[in-house]
Amino acid sequence: MRDKTGPKFGPYQPDDEAVSPSRRRLILGMGMVSGALVLGGAKTAQAADCRSPDVAGTQDERWQKQPFYGQHQAGVLTPQQAAMMLVAFDVLATDKTSLIRLFKLLTERLAFLTTGGRAPSVNAKLPPLDSGIMGPEIYPDNLTVTVSVGNALFDERFGLQGQKPLRLQRMTRFPNDSLDAGLCHGDVMLQICANTNETVIHALRDIIKHTPDLLSVRWKREGFISAHAARSKGQDTPINLLGFKDGTANPKISNKPLINNVVWVSNNAGEPAWAVGGSYQVVRIIRFKVEFWDRTPLQEQQTIFGRDKNSGAPLGMQHEHDEPNYAKDPEGKVIPMDAHIRLANPRTIETQRNLMLRRGYSYSLGVSNSGQLDMGLLFVCYQSDLAQAFLTVQERLNGEALEEYVKPIGGGYFFTLPGVADANHYLAQSLLEA
């Protein structure tokens, strides 16, 4: 018998997806003042020559870098870095011209931050142009900043209604959700990842400093995976805070035809032309009832997931990446019918179209007001079709045994922009000039 006592969560509170006009005006006014201070300083520094020093025959991790330019943005197929932050913003821009300025500025800053360089110096009577938390040298540190846009950006403010991706929608409540209005939605979502927390925080502060009249933080959450998993560059599956491997069934990045089908919007998808090369991003903040879970017998934990806790192998099998054969277990005697892995991926020809690429991170925020540990999973996944992938899978998962131990409290649906071809282009250019 499972202990039914566990953390209590408040009811879902309906909220407006976009920031209210009055709040936007207030923040905009504040931003223009601070923006004047920033613009009074020196121009943006040019990226320095970031040659990799020879450190004991291996590259210093601080100098690791991911390409900024390309058909797709980095941070989707990139092997997971150790540190991550999700930051949702409300856009303060009031017209399309200002919105274009925002995305050009984001492109400029991200190109610099992901390359690295020397922090610029200014007159000491002016605010410094860099926070200084990384010292005088800004290392790339494997930084990626993946930019996505929310459903609300396609409202009447910028005249983009006709360019909205077909499947993009406001995240609605599932039966087990207890959504906090302050942790949902956003006009722009940044997924910031790097080797270290310092680099992630530095990137966020740089972006905020340079966009005071254009962006306002709506909510943020910081996540992590083990250093061992990060250094494996995708070879070792991260372990979540319930003690189980998370992401075992991901499609292999090396299988390019499969990845192109699962992750990226293609020319024949019926989407707006600008969206080709982008991806639908799902973000879910999922709180774990870890005290409750830690009192649950191991056998029950394993039947809930359908996997061995140590090896990650499907029950009745030996290795993590062994594929379960549900046809030989039609009554669920080995892997229960309501096991997480069986519901999420039934392994049929029909359900192959429901695949997605997961890129989740753990989070830990201290304790709740009731004295319970506030920790869980920052679930992030990418797919070429939101309805066919995440939404379909989540419908199958409704009512699963795992729901007793987890509670989604926030997040949103976003569209990850196509990549930037080169230094002559900018993020969202094909959308804004469509």
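Cβ atoms here come from the backbone N, Cα and C positions, even for glycine.
Swiss-Prot lists G247, T248, A249, H340, N345, P346, R347, R358 with the feature heme b binding site. Marked as signal peptide by Swiss-Prot: 1-45.
Here the features listed in Swiss-Prot are placed on the structure.
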{"residue": "G247", "record": "heme b binding site", "Cβ contacts under 8 Å, 6 or more apart": "T237, P238, R358, R359, G360"}
{"residue": "T248", "record": "heme b binding site", "Cβ contacts under 8 Å, 6 or more apart": "T237, R307, G312, E320, H321"}
{"residue": "A249", "record": "heme b binding site", "Cβ contacts under 8 Å, 6 or more apart": "I341, A344, N345"}
{"residue": "H340", "record": "heme b binding site", "Cβ contacts under 8 Å, 6 or more apart": "I304, F305, G306, L397, E400, A401, L402"}
{"residue": "P346", "record": "heme b binding site", "Cβ contacts under 8 Å, 6 or more apart": "Y326, R396"}
{"residue": "R347", "record": "heme b binding site", "Cβ contacts under 8 Å, 6 or more apart": "E323, P324, N325, Y326"}
Protein Cβ atoms within 10 Å of N345 (heme b binding site), excluding its own:
20
Sort P346 (heme b binding site) into helix, strand or coil using the DSSP assignment.
coil
CB contacts for R358 (heme b binding site) [other CB atoms within 10 A, all chains]:
19
